[in-house]
Amino acid sequence: MEPIKNLPRLCRTLGYEFSDIRLLEQALTHRSASNQHNERLEFLGDSILSIVISDALFHQFPKATEGDLSRMRATLVRGDTLAVIAKEFKLGDYLNLGPGELKSGGFRRESILADAVEAIIGAVYLDADLETCRSLLLGWYETRLADIKPGVGQKDAKTLLQEYLQGMKKPLPEYQVTQVEGEAHDQTFTVECRVTDLADAVVGVGSSRRKAEQMAAAQVLELLNQ
């Protein structure tokens, strides 16, 4: 695994100094670049992020329902939110990518950026402990936690579309995967969404079937509200 430059600067940006800098190097390494890649750290970081944000929301909103808590958590930990955080940290400048990913602009790809954030969380946990992770994450999420509120704004596009159609006494939307491209670890899904009030199917594209369905549902809602 090639050493990554300027890691002390990244540590200052993250707000954490690693005792074992190799953990941070691994967290920034995509599987296209090395066998010592970040996917196991990503798995660990995903779980840690979920418990820290769940705990924060549970105590911040003592009267919120389970559904509202789940929707707020989903908003805060989903891939596009993590990708925004990655861009705030300029993680793309530090990623270790293979030649193919580098050439195709992998340092800008939201799924790779989001995965790197989760991997860094996992690396901090291994380098320190859960409480250190908690303190760090609450700092990263301070503004987002302050701004988030329970309610309809946290419902995802598929839920909003379903509720809209049910309220109009219309049939539920139908989703169909029409194309899957890419390697197993980095696929792109194309999904069509059909509703009775639109003559043509609406297409959504995403790094997972769920994300593609959400994208399609959001576009259907926009068309129905015109």
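From the backbone N, Cα and C atoms, a Cβ is placed for every residue, glycine too.
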The Mg(2+) site in Swiss-Prot includes Asp115, Glu118. Which of Glu42, Glu183, Glu192 is also listed there?
Glu42
Report the residues of the chain - excluding Glu42, Asp115, Glu118 - with C-beta within 8 Å of the mean position of the site's C-beta atoms, for the recorded Mg(2+) site, in sequence order.
Asn38, Glu39, Leu41, Phe43, Gly45, Asp46, Ala114, Ala116, Val117, Ala119, Gly122
When DSSP states are folded down to helix, strand and coil, where does Glu118 (active site) land?
helix
Let me know the most crowded of the recorded positions, choosing from Glu42, Asp46, Asp115, Glu118 and counting other Cβ atoms within 10 Å.
Asp115
How long is the line from the C-alpha of Glu42 (Mg(2+) binding site) to the C-alpha of Glu118 (active site), rounded to the nearest angstrom?
5
